[in-house]
Amino acid sequence: FGSLLGICLMTQIITGLLMAMHYTADTTLAFTSVAHTCRNVQFGWLIRNLHANGASMFFICIYLHIGRGFYYGSYLFKETWNTGVILLLTLMATAFVGYVLPWGQMSFWGATVITNLFSAIPYIGQTLVEWAWGGFSVDNPMLTRFFALHFLLPFMIAGLTFIHLTFLHETGSNNPLGISSNCDKIPFHPYFSTKDILGFLAMLVPLTALAMFSPNLLGDPENFTPANPLVTPPHIKPEWYFLFAYAILRSIPNKLGGVLALAASVLILFLIPFLHKSKQRTMTFRPLSQLLFWILVTNLLILTWVGS
């Protein structure tokens, strides 16, 4: 899935650059500029749909990639694993700030709710929120800085990807048995290159199908309404890939407790290398660990379903 994530990143950067050329980071113009891109720019609709649904593909791939690393004990490459977790956090930040840019109803209220979470931090919380907003409400200053961040972060992700790969090349990659694969090494081309191209097709075909046939399947219909600070949507919820964390946040009645649980749900990944106590690296021959692993997966799926 690593190669797929690389392709995702490249696709997102290319489609994103093409859209940034037609986007205006201003509260009065953002929504109309996106509509203009879809209506009047050559293939603008396709570029936008690929970009929006490409994010979903990105998260599908990264969750599968993390799950596989978890199953096969790849977290024992500590540096690779930790840079990977940092990559995940950066990706989540990028997706969040990007979601705000079209300035639809859910963009606006999602931004309001999530930035407000910072106010749960004792002492500095309120100051932090006003600093993030650039004022006393979600308005133009925040939109412009979110656009700047959304432009910047993908390049940071690209840089971190190289660090991630450099650490991986120090050790070589893992395999399902968790043993040294030096005796099984084969040329990258044509073997791995063919395997990767198959993966690219398996991802890009559903992505183009989604972008062409039902581009709004995963989106929120509220975002067809321009942002209105005076009308709260009936259900404020993020895109599907954040629902598990959002469900955790919402399930805790205390604000600070919810924020901590939300953060912990992702940051727990940093602890995994220290929790490995088995003599075997992978879960291939560990039925009990497998059971716990699949319970975790089911939990995440249930949280995602409950969150919506």
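In case you wondered, yes, glycine gets a Cβ from its N, Cα and C as well.
What you are looking at is a predicted structure, and each value in this text was computed from that prediction instead of being measured.
Quick look at what Swiss-Prot lists:
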BINDING   H51, H150  heme b b562 binding site
BINDING   H65, H164  heme b b566 binding site
BINDING   H169  ubiquinone binding site
TRANSMEM  1-21  transmembrane segment
TRANSMEM  45-66  transmembrane segment
TRANSMEM  81-101  transmembrane segment
TRANSMEM  146-166  transmembrane segment
TRANSMEM  194-214  transmembrane segment
TRANSMEM  256-276  transmembrane segment
TRANSMEM  288-308  transmembrane segment
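Features per Swiss-Prot, on structure.
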residue	record	CB count, 10 Å
H51	heme b b562 binding site	20
H65	heme b b566 binding site	18
H150	heme b b562 binding site	22
H164	heme b b566 binding site	21
H169	ubiquinone binding site	10
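When the Cα of the residue listed as 'ubiquinone binding site' is compared against those of the binding-site residues H51, H65, H150, the shortest separation belongs to H65. Distance noted between the C-alpha atoms of H51 (heme b b562 binding site) and H164 (heme b b566 binding site) is 24 Å.
Nonlocal intrachain contacts for the transmembrane segment (288-308), taken as residues 6+ away from its ends with a CB within less than 8 angstroms of a stretch CB, comprise 67, 70-71, 237, 240, 243-244, 246-248, 250, 278. A contact between the transmembrane segment (45-66) and the transmembrane segment (194-214) is present, since 3 or more of their C-beta pairs, 6 or more residues apart, lie under 8 Å.
Highest Cβ pair count under 8 Å relative to the transmembrane segment (146-166), across stretches 81-101, 194-214, 256-276: 81-101. Here the transmembrane segment (194-214) has long-range neighbours at 1, 3-4, 7-8, 11, 46, 49-50, 52-54, 56-57, 61, meaning same-chain residues at least 6 beyond its ends whose C-beta is under 8 angstroms from one of its own. A gap of 23 Å separates the Cα atoms of H65 (heme b b566 binding site) and H150 (heme b b562 binding site).
Between H150 (heme b b562 binding site) and H164 (heme b b566 binding site), the C-alpha separation comes to 21 Å.
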